[in-house]
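Colleague: Have a look at this one.
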Amino acid sequence: MEEELKCPVCGSFYREPIILPCSHNLCQACARNILVQTPESESPQSRRASGSGVSDYDYLDLDKMSLYSEADSGYGSYGGFASAPTTPCQKSPNGVRVFPPAMPPPATHLSPALAPVPRNSCITCPQCHRSLILDDRGLRGFPKNRVLEGVIDRYQQSKAAALKCQLCEKAPKEATVMCEQCDVFYCDPCRLRCHPPRGPLAKHRLVPPAQGRVSRRLSPRKVSTCTDHELENHSMYCVQCKMPVCYQCLEEGKHSSHEVKALGAMWKLHKSQLSQALNGLSDRAKEAKEFLVQLRNMVQQIQENSVEFEACLVAQCDALIDALNRRKAQLLARVNKEHEHKLKVVRDQISHCTVKLRQTTGLMEYCLEVIKENDPSGFLQISDALIRRVHLTEDQWGKGTLTPRMTTDFDLSLDNSPLLQSIHQLDFVQMKASSPVPATPILQLEECCTHNNSATLSWKQPPLSTVPAEGYILELDDGNGGQFREVYVGKETMCTVDGLHFNSTYNARIKAFNKTGVSQYSKTLVLQTSE
């Protein structure tokens with residue numbers, strides 16, 4: 001509750017808190033620091049003189065004053081007064097925008113409550129931003145919040161450091177008890193030595209140090225006095241004004257037509273009303289705690305589902321990569337086959353041309369040697385045959401023998417554009433939450449098994465499923481490839497089917513359902529019972 005005990009201006013614990021008419025609290029010193037002077041025409045006296053004032057505290061019209069805006073630039077000013085200078089806006093440690101005084105307050109040795117307040121001062125609540133003009137009483141016209149002071153005292157005492165023994169001579173030890181009658185804190189050795197539980201001291205009441213510290217601090221506080229009559233204590237409560245009043249206020253007739261009740265009775269009534277309101281708020285707080293538990297469980301579930309979905313995504317992408325690698329191996333095999341074929345054709349042509357060239361060269365050398373012979377008759381006997389062989393060999397070289405039978409280029413072109421387009425279009429199928437039918441369940445093969453003549457099956461919803469399933473329907477055939485029949489309907493995600501035939505093959509499938517309809521069947525699972 002520490003935030004409830006801190007001033008919205010200074011950010012520290014309230015010091016001498018006062019209650020504004022809007023029910024918010026301020027330190028007296030902070031309230032004085034955020035006072036702003038208003039033009040003479042807007043003073044309470046001029047308002048009452050003109051008949052427009054109806055109370056001691058006059059709230060400024062919202063259309064005449066703009067001190068706060070969610071979208072402003074950090075400055076506030078009087079929008080309706082041409083003579084009023086703009087007042088820069090500051091932020092308190094609690095993040096609330098406040099407005100410093102237009103001029104530094106005069107030096108004074110009086111307390112903030114007793115120091116004189118500039119005439120025609122205006123104060124703006126830093127929490128609800130309601131503005132009001134102070135009357136002649138100034139800050140003394142605001143009631144002091146004694147209850148808040150007491151709560152702060154108890155809170156600070158509960159957070160204070162551990163108390164020390166008051167009777168230790170050298171290094172004081174931590175106190176373990178406090179005697180309410182002696183008003184002394186003792187450690188255990190000093191208590192046994194100086195406060196033995198016998199004789200008159202046996203009747204003294206020893207309490208824990210924290211309790212004793214609080215009881216010591218809880219000295220009778222000043223009774224709350226009337227803001228109009230400082231010497232009078234509050235004794236009655238005005239129902240219309242919703243404020244405590246004193247007898248002198250009633251004698252002056254300020255609440256003559258109002259319903260006035262005893263202060264003690266209204267104190268008990270409002271305590272009862274606050275307790276009842278706290279019961280309702282306690283229920284809401286309990287629901288909020290349960291909701292936070294639900295949200296934390298959702299965080300855990302989201303993390304688990306994320307891990308499961310990532311594993312599923314990695315498996316799917318790995319399957320695509322494996323398929324692509326297999327296709328890559330097939331295409332490389334075709335390229336290698338084409339490569340070997342081209343090399344074989346070229347090498348065969350090289351071998352054939354080499355043999356032919358060797359034969360041609362040999363024929364040419366033989367013919368040259370024949371030409372060198374000087375025997376005409378012998379030359380003429382073989383010349384015709386040689387001439388025919390030369391022409392025949394020449395013709396053989398001219399029939400495409402000198403043309404390569406194979407090109408160096410590979411006449412293969414991989415058409416990968418459809419696959420690249422499919423990869424670029426690869427995306428998640430967003431399951432719409434408005435889809436009325438649940439997603440198809442997934443059989444968990446690692447948990448499905450058979451034993452003797454019984455079969456156990458397990459399934460789950462897909463990781464991306466956003467439509468809850470109200471139940472599942474498990475179907476088996478008759479073991480001979482016949483029609484499927486329902487063997488289980490319910491919310492569980494695991495089922496054991498007994499009484500099956502031995503040495504039989506059963507087909508199983510599962511589907512989910514909700515109020516709208518049923519999902520598609522899962523993949524069929526084949527189960528084999530024992531012999």
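The backbone N, Cα and C atoms fix where each Cβ goes, glycine too.
Please treat TrEMBL annotations as automatic predictions, because they have not gone through curation.
Found this in TrEMBL, in case it helps:
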- 285-341: coiled coil (COILED)
- 7-47: domain 'RING-type' (DOMAIN)
- 160-209: domain 'B box-type' (DOMAIN)
- 221-263: domain 'B box-type' (DOMAIN)
- 371-429: domain 'COS' (DOMAIN)
- 437-531: domain 'Fibronectin type-III' (DOMAIN)
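What does the local environment look like for each feature on the list?
Modeller: Averaged across the domain 'RING-type' (7-47), the predicted model reaches a pLDDT of 77.
Residue counts for the domain 'B box-type' (160-209) under DSSP, helix first, then strand, then coil, are 13 helix, 10 strand, 27 coil.
In the domain 'COS' (371-429), helix, strand and coil residues by DSSP number 31 helix, 0 strand, 28 coil.
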Colleague: How many of the residues that make up the domain 'Fibronectin type-III' (437-531) does DSSP mark as helix, as strand and as coil?
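Modeller: Residue counts for the domain 'Fibronectin type-III' (437-531) by secondary structure: 3 helix, 42 strand, 50 coil.
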